[in-house]
Amino acid sequence: MGTTRRGRGTRWPTARRGHCAWSPADLPTYGARVPARSPQDRFVPSSPPAGSSPGGPARADGGAAGAVRPRRADARRNHDRIARAAVEAFGRRGPEGPRLEDVAALAGVGVATVYRLFGDRDGVLRAAFELFFAERVAPLVLEAKAGSDPGAGLRLVVAGAVEAFADHRSLVVAAKHAALIEPETLDRLLGEMADLLLEAQRLGQVRDDVVVGDLGGLLMMALAVSQLPDRLRNLALLWDGLRPGGSALPAPEGCRHPSAADGGAPPV
C-alpha cells in the first residue's frame, strides 16, 4: 500500500494507479482524515477532552456542536442508552423521526438529561447514526478482512451496507439530510477497505484503475440503492462496474498517469 502525506504528521493509506492516489478531499462529503485508532476503538466516537462540555463544544446559541461520549460512568451509560433508544425510535416513527421526549421515555431518562448530554436533536441523531454504523456497518469490514477472498470481502461489505442502510432507512436518511454523517467515520471505513481493494486487484478480481476514493463513491451509491425495491439487482450492476475488462476510467480529479506525464499515451 502506498502512502501520501497531507498536513502535519498525517499519513493516509492509498490505492495507486500511477500517480493517482485517493484522499478524503477527493469526495465532497469527506473532510480531514484523523489518525488511525486501535482496533478496539477504531469506529467508536472519541471521548471529549478534560473540561469539555458533555455534549461537545459549545455553540454560539448555547447548544452543543456535536455528540460525544462523556467521561463519567453514569453519564456515559445514559449517553449510550439514549443513543440506542434513538436508533429504535427512528425505526418506529419513520422519516419524520421521533421527538426527544419519545427518545427520553424509551431510554428511561428525563428529557432534561437528553438536552444536557446532547445539546439538541442533531446531537442525538448524530450519536444514533454513529452507534448504528459502529454496530452494523464497521464489523462488515473486519469480517471481510478475516476471510481469504478479498473480492468476496468487498462484495460482503457493500452488500451488507446496503442491507443495513435499508433496515435503518429513516435514521440514515435523516442523518444524511441533516449533514450529520461525520467525514471521519466514513474515512476510517475506507482506510480499512484499502487493503481489501489492493489484494483484490492483485488477484485480478477488481479492475486495476479503481482507487480507494471510488469505494467511497460506491458506498454513497449503495446508500441510494438501499432505498430502492430492486436494491439487489441494482447492487449487482454497481458491482459489475468494478470487474476487470470494462472501458478505461477517466483519471480521478486532480490525478495524472505517469505515462501521460512522461509524454506517452494513457493506457487503454
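Note that Cβ sites are derived from N, Cα and C of the backbone, with glycine treated the same way.
Just so you know, TrEMBL annotations are computer predictions that nobody has curated.
According to TrEMBL, the feature region 'Disordered' maps to 1-79.
According to TrEMBL, the compositional bias 'Basic residues' annotation covers 1-19.
The compositional bias 'Low complexity' annotation in TrEMBL covers 49-68.
Averaged across the domain 'HTH tetR-type' (76-136), the predicted model reaches a pLDDT of 93. Annotation comment: TrEMBL describes 76-136 as domain 'HTH tetR-type'.
Taken from TrEMBL, the feature DNA-binding region applies to 99-118.
Taking DSSP states H, G and I as helix and E and B as strand, the DNA-binding region (99-118) has 16 helix, 0 strand, 4 coil.
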